[in-house]
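Trainee: Mind looking over this structure? Questions follow.
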Amino acid sequence: MFKKLKEKLKNFKESVSSTIKEKVSKEELAEKGVKEERVTAEKTGEEGVKEEPSREAEEVKPRKEGIGQRIKSLIIEREVTISEKDLEKPLEELELALLESDVALRVVEEILRSVKAQLVGKERKLLEKPEDILENALKEAIRGVLNVNGLDFDEVIERSEKPVKILFVGVNGTGKTTCIAKIAKRLMDHGYSVVIASGDTYRAGATEQIETHAERLGVKVIKHEKFSDPAAVIFDAVKYAEARRIDVVLADTAGRFHTNVNLMDQLKKIQRVMNPDLVIFVDEAIAGNDAVERAERFNNAVGIDGSILTKTDADAKGGAALSIAYCTSRPIMFLGTGQDYNDLVKFDPEWLIERIFE
């Protein structure tokens, strides 16, 4: 997971660490020169008089120190200022690395701003290795773009009036139907009853696909004839749940691109009829910036409450995972991490950060 992103962040840490160590060496050499001048002055002032070496002279005698001791002297034992110039080239490299990892430009700019704010011009005792300091700054910057206030899935299920109505939206081919099956399995594992509305009435085999999942899970599917009005299917599913005291309605919809005005208008109609408690956008992590752009468009059109990213186990770049919450101001709710029904992880920023830096 996120292999390429990990490598690029590691390169940034190494680049800045080298800059700091170079700064250490320069300052150490400057201090050594001052000490040698003092020793020379002492010897000149003796005018040939031989005396026992004083304690003070011994103290100013240059000592041989390794790079580790020099770093400790500069970073741990005194205050150090990392200048903007020190970070100029590494930050340019970081910007390019993040963009190559499909991180949205706005998110890249925010991460760079945060890293600079944490490191530039701060005079303080740095009690860690340079690599640790940089990693902590990166973690804090990433944490800032991942932490978005919004609805918590489990709290909505627990507190909302039953049946809880959840509408799933997105484009074709992103794993939306399988994702719905995973959510159904998770809800049932938590003791909730579920019914699925087969609102994708246009795609060939869509109803059969959701029925296959439902049969494996033991879940009822509400369906109509092909090309039926999807809003009517979902309406019937809600009525079915109300009559039988079922806890949650999961409504599948046809995949649609945000550029298709008619299909987006149809989605708005479904939303009016269903009045969902949650609208969840589903896309695949490997789509990168395309997934982020689509999420923004769906959010503008119908208003989403959160996102689910599928196929994160196959995502080497990590751009969508880092960007989608910040760009939509809506949280990531779950990550799909495999094909099994249990391969669904409730999103936690700290979990993702640890995976990036492991």
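Even glycines carry a Cβ here, placed using N, Cα and C.
Straight out of TrEMBL:
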| type | residues | note |
| --- | --- | --- |
| BINDING | 170-177, 252-256, 310-313 | GTP binding site |
| DOMAIN | 331-344 | domain 'SRP54-type proteins GTP-binding' |
| REGION | 31-63 | region 'Disordered' |
Trainee: Under 8 Å Cβ to Cβ from R256 (GTP binding site), same chain, six or more residues apart: give me those in sequence order, or none if nothing qualifies.
Mentor: V169, V171, N172, L263, M264, Q266, L267
Trainee: Taking a Cβ cut-off under 8 Å, which residues six or more beyond the ends of the domain 'SRP54-type proteins GTP-binding' (331-344) line up next to it in the same chain?
Mentor: 1, 146, 148-151, 153, 175, 178-179, 181-183, 185-186, 216-217, 280, 285, 306-313, 321, 324-325, 352
Trainee: Within the domain 'SRP54-type proteins GTP-binding' (331-344), count helix residues (DSSP H, G, I), strand residues (E, B) and coil residues, in that order.
Mentor: 0 helix, 6 strand, 8 coil
Trainee: Which one of these binding-site residues, G170, G173, has the sparsest Cβ neighbourhood, judged by other Cβ atoms within 10 angstroms?
Mentor: G173
Trainee: In sequence order, which residues at least six apart in the same chain have a CB under 8 Å from the CB of K176 (GTP binding site)?
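Mentor: Result: F168, G170, D252, G255, V282, T310.
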Trainee: Say we define neighbours as other CB atoms within 10 Å of the CB. Which of the binding-site residues T253, T312 has the fewest?
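Mentor: Across T253, T312, these binding-site residues, the one with fewest Cβ atoms within 10 Å is T312.
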